[in-house]
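To start, the structure itself, in structure tokens.
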Amino acid sequence: GRSKKFNKRMDEEISSDSENERKQQENEDDEIEETLQEKKLRLAKLYLEQLREEAEQESFEADLIAGRLQEDVLEQKGKLQRLIANELIAPDPAEVRLLRGHKLSVTCLVITPDEKCIFSASKDCSIIKWEVEGGKKVHKIAGGRKGTEARHVGHTAHILCMAISSDGKYLASGDMNKLIMIWDPVTCKHLYKLKGHRDAVSGLAFRRGTHTLYSASHDRSIKVWSVDENAYVETLFGHQDMITGLDSLSRERCVTAGGRDRTVRVWKVAEESQLVFHGHEGSIDCIQLINEEHMVTGGDDGSISVWTVNKKKPVSTVKQAHGSHGNTGLEQPCWVSSVAALHNSDIVASGSHNSAVQLWKCGQGFRGLEPLFSVPMIGFVNSLKFSNSGKFLVAGGSEEKLSFHIVPFEKSNNSFVSDSQ
């Protein structure tokens, strides 16, 4: 009997222990299940936060893309105008670098698209490639003497103009001998000559994004070339005097200054038509496009003018932009010998022989010109070029210094408006 009671009690204790273990296991399972739920909730919150951040990033990128597309549309329409003139600070004269290397005055300058190098050309028939950062001379294409054209690789007459393609593949230079030379800007190797003009080549410009080259000459004509194919395309006529300047951007057109015929012309190459503009009182000697529909010119009447292709007269003109010179009662305006424009902005520059480069602010919609500041220079300024980014300006010329200057500018913002605003 005792044995049966003992066994019964043991069975009850074992059953009780099993029940307790079962309840404990259920409690642990509940705790594990709760932890899993919390983990799921946490991961869900993280996922939602990630989605929100991605949505904000996509919205930011979409705004950037929309802004860029808006800029592209305005640029193609010729209405883009970045308002950066008010942000521009006059450089410290100590920061303006002077580079010497030519034997005669510098006549023209170009800056490579990556802004690492500058090419300068001179009346001494030479071309020099310079490093922007260190100001070092990278390569010199020596000029030759008159009569050595058959054996000399390079120019043997004053170089008047240069242009570089927007991809940096080709450099073109034109001289008083009616020749256009094509070079490899990287190696400075001569590629070929383009012949056809009957007088000095006075202006060169590549159509942006292409290897189509426009050339202007004292023979009063403009020629179109395919540099890739080393081929002549066509000739355009219209000016009544020697052409003194030429420029082009992305459209299939170019603009020219006609010297003493006192006209500015816009050549619509595809349509085989031209627009003629009048405004200066003397010879128009330099021209630069600000954007696809606006341009700036300078002349020996001492004035600079801003034009739009929609009007036959300038939208704004500053007379005696660089003051006057001469004896009292016999004063003459200082001849504006060079102009430059920071593309798609409200900044232009002009040079003369009054020992200064003048910076100007275009009014909104390119209506009006206000002086910003001047940068001291010695002698005559034959050529001006802004870098694409607007970080610096190069100025060349001067029989006295036989050199050119690099003028640095403080970086500006990128706000822009349409000229229709």
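FYI, residue positions are counted from 1 along the chain as it appears here.
In case you wondered, yes, glycine gets a Cβ from its N, Cα and C as well.
All annotation found in TrEMBL is predicted automatically rather than curated by experts.
The region 'Disordered' annotation in TrEMBL covers 1-34. Annotation source TrEMBL lists repeat 'WD' at 99-140, 152-184, 194-235, 236-277, 277-317.
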Write out how many residues of the repeat 'WD' (152-184) are helix, how many strand and how many coil, based on DSSP. 0 helix, 15 strand, 18 coil
Going by DSSP assignments with H, G and I as helix and E and B as strand, what are the residue counts for the repeat 'WD' (277-317)? 0 helix, 23 strand, 18 coil
Given the repeat 'WD' (194-235), its same-chain partners at Cβ distance under 8 Å and 6+ residues beyond its ends are 160-167, 169-170, 172-182, 241-252, 254, 256, 267, 269
Taking DSSP H, G, I as helix and E, B as strand, the repeat 'WD' (99-140) contains 0 helix, 23 strand, 19 coil
Across the repeat 'WD' (194-235), what is the average pLDDT of the model, as a whole number? 97
Secondary structure content of the repeat 'WD' (194-235), with strand meaning DSSP E or B: 0 helix, 24 strand, 18 coil
